Structure formats: structure tokens, C-alpha cells
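The signal peptide annotation in TrEMBL covers B:1-19. Annotated domain 'Cytochrome c' per TrEMBL: B:10-99, B:105-188, in sequence order. Summarising the annotation, TrEMBL assigns heme c 1 binding site to B:Cys33, B:Cys36, B:His37, B:Met76. The heme c 2 binding site annotation in TrEMBL covers B:Cys124, B:Cys127, B:His128.
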Amino acid sequence: MHLKFLAAVGGVCLALGSGPASAQEETSASTLYGDLQHVTQDMLERAAGDGNNFLHTNGNYEQTRYYPASQINTGNVQNLRPAWIFQTEVVDSLETSPIVVNGIMYVTTSFNHVYALDARTGRQIWHYKHQMGPVTTYCCGPNNRGVAVSGDRVFMGTLDAKLVALDAKTGKQLWETQIAEAELGYSETMAPTVVDNMVLIGTNGGEYGIRGFVKAFDTETGEEIWNFYTVPEDSKGVWATHDATGRDMKRDIEAEKAAYEEMGDPYETLGGGVWQNPAVDLETRRIYFVVGNPSPDLDGSLRPGDNLYTDSLVSVDLDSGEYVCHFQYIAHDVWDLDAVSPPIITQVKDEAGNDIKGILHGGKTGYVYVHDAEDCSLIRFSEPMVSQEGRWTLPTEDGARMLPGANGGVEWSPMAIDPNERLTYAINLHQPMTYTVRSTPYPEGKLWLGGSFDVIPDEEQWGNVTAVDYDTGKIRWKVRTEQPMIGGILATAGGLLFTGEGNGLFKAFDSSNGAELWRFQAGAGVNAPPSSYTVEGRQYIVVGAGGNAQLNYKRGNNIIAFTLAD
Amino acid sequence: MRTILGGLSACLAAGPGLAQDAAFDVEAEAQICAGCHGEAGMPVDETTPIIWGQEYFYIYTQLRDYAAARREHEVMTGIAAEYDRDQAKQLAEYYAAKDWPAIQAATEEGDARLANAGITGGQCSACHGKWEGDSRIPRAAGQQPAYLEQTMKDFKNEVRMNAPDKISTMKQLDDATIEALARYLASL
């Protein structure tokens, strides 16, 4: 009886939540270029070699963001011109990675709009506007980083902590699932990943005292298949005193142990969000993702211990979500210099010079970390890409200056690699900040930073585009930019890198030496990862120009596709 | 089971009408609120906030914070303590559905520059966006300037304690910047 009642109320809620048809603008599929073809698992697995489509947020399951088409290359990129500009109805941060399937493009905006566009012309095919619930949460802008595609469906996570499935042909909502309780600070800005009929997604909320997770949902029904908590019930770890680069983190271990005895394990409100997509290794059927900061960000007094698995690379079994291995970069982080940029799977040299399967991660510390995929162990870390002045200075009540600032040396921005050059490319921030600690108890789902991190107004800020040899850790080249960089980067087989800046410039660089070969002024911050695709024999580069709320870069609403002039 | 319970909870959160208390007359209650917050949405006193058109979840959490003494006010603490969760949600829904009243707010030369320096330094736009409010983030655009100034100074001086992270941020701003910010936000 009790169950029946619950089921009945749940049904009412689903009916209310699924929303009326007015949330979508229908169109006639018969008028479309292409046929919005079914996306097969085979297509998703072969994406790394697919020079027509862009099927994953980071290009392929390995997340290399290396696009195999070379029609646009170092020899002709100076002839790159806008092919079309599509304006969304939302003038706010754009962090979407455009996904392209057989000539149809899917983009998202802040506040969870989805558009399907004709990738040749930018003509709108359909528009879905999520009917947002009354409780949304975002620490860093009302962002969304894009959709995942599989079968004839499109999937998106929402600011009110839901996962929605849409019909790829019409934009009609097929189902929605509440991923976690929005009132407690859970929400979604990351794009999901789809593999073998499972939708994988993490959660935001590390600034709100959530307990982080990665979950798998059934693509057909939206039912949960497995859940991996990123914070185990025993989160104290090994009481590590030094970080991954060997620096003393100045922890008072004895005081922490005493606090742990008195307070117990803080796992229930310890944070550990997962902001970006997992890399998928179908050979071993494992996934690799990075886990964000502990809660509260700056106040370690309420969370004694290493705070596992925050600030870590973690691998779990794809089919069960069972733990496989982890590596923690910073134990007991009190600087929010966590792990957010999505990991990359590629062949790397081990310490003996042999090629092995490795994992790359660009840390907010400003280092590229290179791991053995087998056991997550660290093989090497790169030269620092940004200043490490004062690291690790503990936050104080009056504020203490340190670099990198809390937006990191690399933010959530995905890196790209060129496997031929054996280089990985990151975009960086130089942003001095003061770190201030103020201890307050868990505020039941409200913002819980435990202090603040503030930009120092009189100090100069800038950014870099940096190329790192992942076999040696050496920086090959570095190009400075006017402002701190956030968004993402794309490498192509044409020997090019594409990335944008907060001042509206979208640039192409020679990926071998960093020479700037082309630029375009987009009129608003270009702070989204670019994609590429080919339709009717013509290669395009596409990027969102909507600015960024986190760094207060000029907002806009443009999706801009470029191709070579005739 | 876990999913069903989660769905039920979200449903209740989304729809306060599902659990309305028949004895609670939201219109009558609003008459009491109007004594300070105004008959037509324009508050009687310049340091009283506009709540017509304010965000539903923000109003609800402020009422709960007053009731739990996380936020203190000589009038609101006692009033909010009388409301249970559903009643607080009904009031929040009632006011969120109203139209925000237009105010006349004057700025001084240099306000925009000072305000934007403060906004960038404090990374305010990461949550507050374009200051129009969303869910747990209150609308500040077009709010009463004296209320905005008082609120920011209350954070800075550790008088208002229910958003403690704001204390550190406001301590970074001098009073001239706070006053410019208040006038600038009121004018948006």
C-alpha cells in the first residue's frame, strides 16, 4: 500500500515534470539535410578516425580532442572565414561542445536549451527548452557543456539535477530522471557520456557539501544502473603530507587525527563533484575520471583526513561501477586546486622508455600529470605551466596570497593532444588570489566555501597556450595571451590548434611550434571547446562565443562555424 | 525505492500546492507583510527589500533561516518562526509570482567602474550572473539601493551570518566600492 502510494505520487511528479509540448519547437524532419541517422555504438567507438562527425564532447572515448580531418591545415588556414552564425535566445556563458551527426549539429546553452541545427547553414531544426524546477544550483555560471548522442536520442544533464533524453529528430522529451536532490546542492553542467546503452554522468556540488558520485543510467528507460560514490565511507586515507609534485602541504597531522577521532568521518558532506566526462577504455572496460574538491573548499578543520577520493584520478569498472584504482594529487586540499580537466587516454613512455597505455590530466595546479593506466600510478609530472609562487601557503583569516589562484593553472577546460608530435596542449590562467578561511558549519545545501578566494585587483593577469611533451614532461612551447584562458582547445590533423579567449579572439596556432596563423574577433568571449566536422566534402571548425560568467568575460549568444573561402 | 523517494521529495519541493494547509490564508498573511514590504510591492522604508518578483527558493530559504535564527531581524525572526515549511513555500510562491516594481535609482559618476572592479575581484558574476536572480540566487538588479548597501555592509561587519562566504568577499571591498555597487545594481 505504501509503495503504491509512493508510485502514484511519483507518477504525478513525472507527468508534471515532463512538461507540455510547448517546450519544444517542432519541425518537419522531411525537409532536413541528412536523415538524423541512428548513432550506433560502432560509430561512437570509431569516432577517433571519423573526419565527418564529431560524436563525443571531447572527440572520442579517449578524449584526445584530436580531429583526423586535414582539409583545413597550416597551408590554407589564413583563408578560414565564417560560414554561418547562429544566435541562440540565451545571452549567457557558452561552454557547449558542438556535437555533429551526419550534418546535424546539437548545441546547448546556459539554462539548458538545446538546439539542433543544419551543420551546413546554421538553420534551426528544433529547439528544446528545459522546464526548470524551482531549485537550481551553480557556483560558476548557469552553464551547460553539451549533449551526448546515441541511437536516435540526445541526452543532457540540467541545473535542477535531472537527466533528460530527447528524440533526436524532433527535440521532444522522451524521459527525465532526477539524478539527485537539487535542494542539497546537486546539479549538472557536464555533458554526459554514452557507452553500450548506458549514460554516464557525475555531479556538481563540491561547493555545497554534497557527496559526489558518477552514475550510469539506462538509455532506454532512464533507470539507474550503478552508482559510484566518489567519497568512500572511510575517507581518511594515508595522512599524506606531500602533494603529487613533492611539495609539503603543511598539514598538522596530529591535530587532524585528533579531530577525526572526535568528529568521525566527514564523508556525507565531503563534496567530490565530477565536472567533466570520463575517458572510456573499451579494451579493459574501465573508465577514468577526475574528482573535484572537498567541501568546504577552504576550511579543512571540519574534514580531517586525506578526503579520499577528492582531487584524484579514479578508475572504475564500466559495467559495475566497482572501484579499480585511484591517484590523489592533493590530500586534504584547502585551496580548491582540484582535478577538473577531463583525462585523456593515449600511449605514453614509461620510466624505462617503453610505450604503455597512459592517462594524461591537466591539473588546476598547473602541471600535466602522466599516469600508468593499469594502476593509476604517477609516471611523471610536467614542468609547471604557470607560476607556483607561494605554493602551498595556508589560507588565513586575513587572506594569504598564492599562485595558482583558485581558478587554477588549468580550469575545467579540456586539453587536446597530437599523438604524432607526442604533445598535449593546455590553456592556462595566471591569476593571483588571496585565500581566506572562515569556518562555518554545514549550511544544509547552501554555498559552503569555508572562506573566499579573491582576485587581487592591482596584479596583472594573463593566460597561456602551452604544449607539453608528455613523454618527458618538458614544455615544448608556450604562447602568452592577454587574459586568463578558459574554454578548451582542439587539435587537428592539419597541424592546427584552435582555441578562444575572453576578449573575443578565436585563434589558430601551428601545433608544432605555437606560431599564430589566423585569428577572428567573435564579439564576445570565446570560452567553449571548439569542434570540427565535414559535410559534403567541406571541413568546418565550430565554436560557441558566449563569454564566461566565472571570469566575467563578455556574454554573447553566437555559434560560429568557419570554413575555407572558395 | 531510493529513486522513488527521491522523486517524491523533488515533487514536493516543486509543488507546494500539493501539501497546502487549508487553514493558511496566504492573501491574509500577505496583508501583514504589506505593512513593511508595501501594498503594491514598493516597500515603506528604503532599507526594506523589494520581495515582489523575488526568487521563490530564495524567499523560502530566507524565511527558513529567519525561523532557525541563521538570519536575524527584529521583526522577521518572530514572524518567520510562525510558518511551517509548507506555509513558507506558499508565501514564497505568492511573492515570486508578482511583478517586480520599477524604482528610480540614481548613480554617481564612476559608480560603474568601481562596481565592476568589485564584481570582477569578488567573482560575483559566477553566481549572480546578470543580477536578475535565479532560484537560490536573489535578484539584485533594481533592488532598493539602501537595502543593498546595508546588506553588503552587514556581511562585511559580520552582522548578517546566513551566507558566511559573503563575509570574506565583502571584507575585500572598501565602503566606497560597496556604496557604488549598491547604486549601480539598483540602477540595472
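Each Cβ is built from the backbone N, Cα and C atoms, and glycine gets one as well.
Automatic prediction, not curation, is the source of TrEMBL annotations.
B:Cys124 (heme c 2 binding site) is 29 Å away from B:Cys36 (heme c 1 binding site) when you measure Cα to Cα. Most other Cβ atoms within 10 A: among the binding-site residues B:Met76, B:Cys127, that distinction falls to B:Cys127. Under DSSP, B:Cys124 (heme c 2 binding site) is assigned to coil, being neither helix nor strand in the three-state scheme. Just so you know, the Cβ of B:His37 (heme c 1 binding site) picks up 20 other Cβ atoms within 10 Å once every protein chain is counted. Using CA atoms as reference points, the binding-site residues B:Cys124, B:Cys127, B:His128 were checked against B:Cys33 (heme c 1 binding site), and the closest is B:His128. A straight line from the CA of B:His128 (heme c 2 binding site) to the CA of B:Met76 (heme c 1 binding site) spans 25 Å. Using a Cβ-Cβ cut-off of under 8 Å to chain A, the binding-site residues B:Cys33, B:Cys36, B:His37, B:Met76, B:Cys127 reduce to B:Cys127. The number of other Cβ atoms within 10 Å of the Cβ belonging to B:Cys36 (heme c 1 binding site), over all protein chains shown, comes to 15. Cα separation, B:Met76 (heme c 1 binding site) to B:Cys124 (heme c 2 binding site), rounded: 27 Å. When the neighbouring Cβ atoms lying within 10 Å are counted for each of the binding-site residues (B:Cys33, B:Cys124), the highest count belongs to B:Cys124.
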